[in-house]
Every structure is written in structure tokens, then in C-alpha cells.
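Okay, so here's the structure we're looking at.
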Amino acid sequence: MPQPLKQSLDQSKWLREAEKQLRVLENLVDSNLEEEKLKPQLSMGEDVQSPGKGEPLHPNVRAPLSHVVRAVTTDLPRLGNKLPARHHLGKLSGLYQMKGCTFNPEWKVPDISDTHFDLEVINECPSRNWKYLTPAKFWPKSISYFPVQAGVKPKYPDNVMQHESIVGKYLTRLYEAGILYKRISKHLVTFKGQPYNWEQQHLVNQHQIPDGATSSKINGRQENRRRRTPIKSTCRQNDTKRDSDMVGQVSNNRSRIRPCANNGGDKHPPATGSLACWGRKASRVIKSGSSRDSSASVDSRRRSKGPRGFSTLPRRETTGNDHHSSDISNSVEATTRRRSTPGESITLGDSSIIPDGTSCASDKDSSPKEENVWYLRGNTSWPNRITGKLFLVDKNSRNTTEARLVVDFSQFSKGKNAMRFPRYWSPNLSTLRRILPVGMPRISLDLSQAFYHLPLNPASSSRLAVSDGQWVYYFRKAPMGVGLSPFLLHLFTTALGSEISRRFNVWTFTYMDDFLLCHPNARHLNSISHAVCSFLQELGIRINFDKTTPSPVTEIRFLGYQIDEHFMKIEESRWKELRTVIKKIKVGEWYDWKCIQRFVGHLNFVLPFTKGNIEMLKPMYAAITNQVNFSFSSAYRTLLYKLTMGVCKLRINPKSSVPLPRVATDATPTHGAISHITGGSAVFAFSKVRDIHIQELLMTCLARIMIKPRCLLSDSTFVCHKRYQTLPWHFAVLAKQLLKPIQLYFVPSKYNPADGPSRHRPPDWTAFPYTPLSKAIYIPHRLCGT
């Protein structure tokens, strides 16, 4: 293509070439969108281009990208209707056609440890974030409750009982780790682990549970304990006859009463009575002498917690079966001791039967006595219903031996109960490129069970109820299925990252449960990482050392990117998978919009590492927005494949150059002008009158094609913002592709040097104030110093 002389732009040959290019651009603009193939059709559209007989399976990508883009303008993809279409594109499938989960009867429940961070972290890591986290609150606008029997989703119809059994074991493991509350009655729950300060005021002694606080099913009939005729408590302590009558009544009624915590599930009939059902009567059997004797075995750790720490009664050795004692006196003894011991509760074992902590202590094979169980009467009622449903899947594609618990609290994010969760800063790729330090060794840390570090207010926990079909549990820590949890985790790790950066003088970046530490000295960074891990563990924050970098490295994988000392890139395996998917596109066939949605998600991730732009994906976005089928054309498939071939890596902390503008453009409804800083100018007449922003963009694109400047001056904000989605698609793609690599500066019309030539006056380059209109990238203050 002929290049103009810098002294003047009015070269005859150059002008003829420029006029030709302008007419091509005008033809693209004048194509009416209603007549194009991008409009949703009422029929399937038989004129869709079909692949030829000799067409190769892989697209031809030898042509330059600019030629491929121009070819798409004549061979457009199409939108269809909402009839059933293909929902498989290579290995991708529609979101509602996910690969069915396979049940594994040998699933193991992963090890879940107690994650209780010390509240001293508020003083060690001062931040305003802690007032939102100690405790976190969750207040949905409205709640839909479901029956307890629907607690486990029927994900595996052929293995319902086994599925529910493993879910029960999983919930038991979470309960034992202090992550769940377990429902005892309408106003009473139990939990394990160390209580928080806000829970201390609601802890209760078992002996203080008032009469009539619970209800239970008796012979299949729901009765209120308050309505039953209780034994009068006016008896004297020395009246042994009345005591023996009470013992007989308690033991005789034992076989008829089910545990009141068996919330609607008869799948695993209990072997003994519940604590909450037997507490009021069994506690009266205890002699005052034994109560005095029990005061000697006070747990020192609980005593230090304050006046609400409770003592445990010593067990007496008995003989007989731990779970099914037929001897009346033994059963009453066990019931009495169980009721009088505030540090014990009924939990689910492997067989969903009462564990060793509630049975006699004479069995040498039984587990040691549980001492970290607490009873809490919150300032709320604990519903015998659930708000979320559960099912199990493989932990990940590489680990199918362990199960992962999926909690469905989608009612809080969609439908009539949808909540607007708070927004928080999350770095995009451009921000990440600018905040990462160049040429520094790096170490990554990963939090273990990150969400389970976040405690919830007990009243909020009652809104997050789940069940295995037998017991009702409430999340004491933040669950992963609620949209509020990522926001809380962001606050949590941000507060920790700020203190780590300040205390250890190291560059720190946090995103969800990932920490990235950078320092110029690798040896110093290695020692810092050990100090940081010790600091976090002293505060009760657990580190996943399996996913933590053991020593400083120069290349690290973070947020899905491969990051070395100077560049960011994407793994080659990901490119190969995407090329394979594009090769399997069948030209002319209709694809379901859900399948296209998944495909666009993969393309969006790699698009910044290509020479393409987001406008190239707009036809697929149109299909997703209108929820209609989509058909690929041959040229469009070639364009997508061409994008994956031009792989590039992005430089970390790119140099921001501000070149001096040397070319300016301007337009009127009838004429356009290009002006050079050397004084040369060229004026063009448009073939028809159009909107002024279209004419301005035409002249800017023409200047880019004919002169190839590093930057351009324009008095159109529409042109400078580079948002062309309102234009016909094929012209928007070309304009975005042409103007993406260069900087556009805005100049007021009265100072635009090209304003004179467009109005048949000489250009004026003496004074022209200009500014870029691109929005500055937001970077947190603590990351701005790098």
C-alpha cells in the first residue's frame, strides 16, 4: 500500500487508494442489520451455509487475521429459534446437560479439622473488616423451608440409602469439627469446639433446661411435653420411695419414646432416648450427694471460660451392652449420667447410632469421653425444617476416592428470595499485570478450609439449615453455597494480607484463599514464608501445605495463569483443548445457546492472550441474550481458530508510553478530513449523510489504515471510548481490530487540528490540549507502591 509523504498528504496515488478504502468501509456501515443473518429468525433458515464435500476438518489459517476478519463480513454466522438443537460441542455440553455424576459407594469423608481462629487476631491485625466478621451476619429477605426428609437430593436414585448414609457421616464430621450446630429442640442446639465470645452468653447448663422446652414424637403422635402430667417436684430429697417410683416410670417409658432430635426421619431408629427428652425427669433422680461429688471433676479449660463453664459428672462402671441395656437400673443410671453431664451429646457414628460418649463407660473398646460439647440456647428459634439441600460428588477429577459435599442454597441467589450480595474489588487481568512486581521470586500460600474460618451469628445460622434425613444441622461457619461467603472471605484474607505486608515488609497480594508473597531476595523470602506460616497458625488459621510453594520460585501458577519473572501466559494444554473444540464445530448446524454459553466462557479467558477483541464474540453473545440457537459459518469458525493460533504472552508491569499525537481526524455529516502535524491534510467526501459518530469513526479507521500512526486525535468521545457494540457487527469488529493497538486522545473541537480542513480551512497545530478518556485502573492503596 502506498505510504504518503510526511510533508503533504495530497498525493494523487495515495488519495485514490484512500478513496477506495473509504468506500469499502462505507459499504460495511451501510449494510442494514435487519437484512443480515444476525437477526433472530422465526424459522430454522434453510439458507445457512453448509460445509462443502472437500472441506478439510481443520480451518485454513494461512491468511492474515485482517483478511480473515474481512472474510467474516461476507460469511456471517446466524441466529435461529428456540427449537431443540445440538447441546454438545466437542467435550463441552450445555449447562443443564452436565455429565452425570457417578455414585461411588466407597467414597471416603475427607479429614476436616477444627478451624477456630483466635479473636486475638483483631488486635494483631487491626482492620475495620473484623466488625463484619466477628461474627458475620446473614439476613435473607424471605426464606422457603423444606421438610427434613428432602435434605438429601435424590441425585443417585439407585443408591439412595448409601448416599444418605455417607451424607450423614459427612455432616457428623463437620459437626465434630465445630462447623455445624445440631438441633436438640426448638430452642436448644449443641456444638463442639471452643465457643466464641458471642456464644458464651447463650450457653446453658443441662440442669437449667425448663420443663416443657421440647417436644417429641410418641407412638407416631406429636405431643407437647408441657401437656403431659409431670411428676411433682415437691418431693423431699430423702423420700426414697418417690425416687424409686420415678426411676420405674422413667425406665418404663424409655421404650416408648423416640429422641426428639430425630427430626422427621425414621430411617435409623435410635437405640436410646435423647438428652432433651429425658433431661427433666432424669435430673430429678440424681441425689444431692452425687451432685456435690461431681463438682470435683471440673474441666479446667471450661472453668477458665467464665461463670458459664460447666462441670461433668464422673461415670460409674456398669456392665452390659453400651447401646441396648435391658437392665432397668443400668438404663436409668446411663440416662441419669447422660443428662447430668453437660459435656456430652448424641452424635451419629458410622452406623448412625448413638456414639460412645452417650453410653456406659465400661466398654474398653469405646471412644474416650467427649468433653468439648456445648449446649446453646440462642436468641432465636431453631426450625425443624431446612433451607438447603445436599448431595455428594467426587472431590475433583483427579481424586475420586474422597467425596465433596455440595450445598444448594440457591434460593438466596435466584427467584423471589434473591439477595443482592455486596460487591468487592477483584483484579482483572489488566490490573494483575500492573500490580505484580517484576523479576522477584514468589511464594504462594493456600488457606485450608478457608470458608470454615468465618464464624456466623447464631441467629444467622438458623437460616442455613441442612439435614441428612434424620438430624437437622445449622452452619456455625460460613458455607460455600451462599453468595455472601466469597465477600466475607475477601474481607478476611485482605485484613490478613495487609498485616503480613506491614509486619514482614514483603509484597503481599491476596485473592480469596490464595496468598502471593514477593521479595527481591529469595533467601529472605524463604525465611519470611516460614514466619508468616507460624504467625497465621498461632492465630488458629490453617495453611494447606499441599498447595503451598515450599520455597521461592521464579515461575508460579496463580489464578489460572503461568507467571514468570517478566511475563504472564496460559498453559499450552489449555490452548490445545480449545483448538480441539473449535475443530469439531460443524458448520451450518444449530447449537443450543447453553452450549454456546460454555464455549464463550472458555474463549473469554484466553481472549486477552490473542490478537482478537471482544467484538468477535458478539454474535454468540446475541444468541445467549436472546436464548436462541446459533449456527457457525465457515469463515467465523476460521476466525475463532485463527485466534487460538496467534498466542501471545503479556508483559508484567508494561511500560506506559504517552506518544506525541501527530495525526488528527475530524468529520462533518458530508465531509471528513485527516491532518498531519507536518502540515499536510486530505479531505474526503462521504457517499451519503450518516450520524456524526459514524462519520468520525470512518475517518479514524481510514487514518489508521493509510498512515498507521501510534496515536490519533479525535473530537468524538464515541470514537475515543472504543465501545462500538451499537454498530453493525461486521463493521464493529473491523473498527475494534484496527483501533485496539493504538492510543486515542480526545481533543475539543475548537482545538482539533483537523477541524479546519473538514471545513475547507487550513489546519492549526499551534495549540491543541488533549487527554485520554480511558478509565484509570483502580488499584488498592497498599498495592500502589510497587
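Indices start at 1 and increase along the chain as displayed.
In case you wondered, yes, glycine gets a Cβ from its N, Cα and C as well.
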Given Swiss-Prot lists Asp513, Asp514 for Mg(2+), the same-site residue among Asp394, Asp408, Asp446, Asp592: Asp446
Remaining residues near the recorded Mg(2+) site, that is with C-beta within 8 Å of the centroid of the site residues Asp446, Asp513, Asp514: Ser444, Leu445, Leu447, Ala450, Tyr511, Met512, Phe515, Asn544, Lys547
Residues that sit under 8 angstroms from Asp513 (Mg(2+) binding site) by C-beta distance, when 6+ apart in the chain: Asp446, Leu447, Ala450, Leu489, Thr493
Protein Cβ atoms within 10 Å of Asp514 (Mg(2+) binding site), excluding its own: 16
